[in-house]
Amino acid sequence: MSDSPVIKTMRVVPVAGYDSMLLNIGGAHNCYFTRILVILTDSAGRTGVGESPCHASTLGLLARFQSQIEGSELLRLNATIATLFASDARHQQTAHTDDIHIPQMNPEKFYNAAAAIEAALLDLMGQHLNLPVADLLASGRQRDRVPVLGYLFYIADRNLTSMNYQAGQAGGDAWLQLRHEKAMDAQSVVRLAEAAAERYGFRDFKLKGGVHHGEVEVETVNALLQRFPQARVTVDPNASWSLDEAIYYGKQLAGRIPYLEDPCGAEQGYSGRETLAEFKRATGIPVATNMIANDWRQLQHALQLNAIDIPLADPHFWTMRHAHTVAQLCQEWGLTTGCHSNNHFDVSLAMVAHLGAAAPGDRLTAFDTHWIWQDGQQLTQHAPQIRDGHLELPEGPGLGITLNMKRVEAAHALYTSLPDKNRNDALGMQFLIENWSFNAKRPALLR
Ligand SMILES: O=C([O-])[C@@H](O)[C@@H](O)[C@H](O)[C@@H](O)C(=O)[O-]
Ligand SMILES: [Mg+2]
């Protein structure tokens, strides 16, 4: 394989950006969010990049993988990634020994690390072959733009905290202002949706639930549907509703929403896969999930129980290539392809664009992205664009993006300055409710 470029350097750069006080079952988003960039250079002088959620253990894994990546031949990408998976398997085995010096590899963090490396390698491979990454995924490019949804949150009043939440940009459009302001009821969420639709052309919306009592969230969905009668609107309470509540609210929304996301979860000795299967039978409402089918084994159980219709295979949880395999499986087995997200920068946005562009078939539900909350903080020269409710595939080979290193270094400096680097939504929430703590079965404001 002497013609292959060789990976010269792997740099792992944790970065931070700003976020609004968005509410979810875990509490309130911090004023900062953190991510990891993996930046590879090769012997042909090219740079490839990938992004992942940030956690100290993911950083530890990436540091460990560096020696396996540097010196590897780009065209042996499959073998390189297989080596990472093999070292994961070895670790899982050794972690069962009594040797406390061998750290247990957290599977979620392992996938986050592998996903960022794989994306950076695919970026380099695409540049080498002069092809977009979408063409390197097994089905190849199917479309040039991917439907995405307007991800709406209730927003707490940042003025109640001493945290460094940013204010809206003077002179910006309505979205750039409103995304920083309190929005705790149906009317203000509709206003947010109007501003997002004006800027990005959304026709699909998802409300992050698990915040208020379910009645209030159903009322918000109804208000959105009334304002946007042609739109596809859903709510994701992150399994905070009981099965009975989920069926009760589901029946109120049936026929008017395309699907519900994780309406209920594990309870009374039954797994989330079991309760979702019962929910589906009781209501006939399709179910999407990013909570109970996040690896092959979980997905197999979910499908055997007929618990879900839309596995939201996030490329950061699965890697881009595995998420694409899930999309192929959806196409072959009559499921619908979708994608979950967390707060992210524009490198992840490009990863999602290429994944969506390569997803086969037309049973595709609008992909999630939190990016509208971060729009303006891009770390690339030209961020992928969301227009007319669609994320456009960036032009050019690889991921089609070029890092803006000045911004990357500034985002890294911000990360370095933060006292809390891992996500902890309880901190902000405790300004709203004293001593607040997480409860997987209760919406955040019900304490
Ligand atoms: O950003 C949030 O608050 C979401 O709740 C996120 O953490 C979830 O992972 C996600 O967006 C979801 O769909 O469940
Ligand atoms: Mg979800």
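The backbone N, Cα and C atoms fix where each Cβ goes, glycine too.
Record check: TrEMBL places Glu267, Asn290 at the Mg(2+) site, and the matching candidate among Asp236, Asp309 is Asp236. Using Lys208 (active site, proton acceptor) as the reference Cα, a 10 A cut-off selects Asp236 from the recorded positions Asp236, Glu267, Asn290, His340. The active-site residues under consideration are Lys208, His340. Their Cβ neighbour counts within 10 Å are lowest for Lys208. With His340 (active site, proton acceptor) as the anchor, the candidate binding-site residues are Asp236, Glu267, Asn290, and the one with the nearest CA is Asn290. Close to ligand 2, meaning a Cβ under 6 Å from one of its atoms, are these of the recorded positions Lys208, Asp236, Glu267, Asn290: Asp236, Asn290. Comparing local CB density within 10 A for the binding-site residues Asp236, Glu267, the maximum falls on Asp236.
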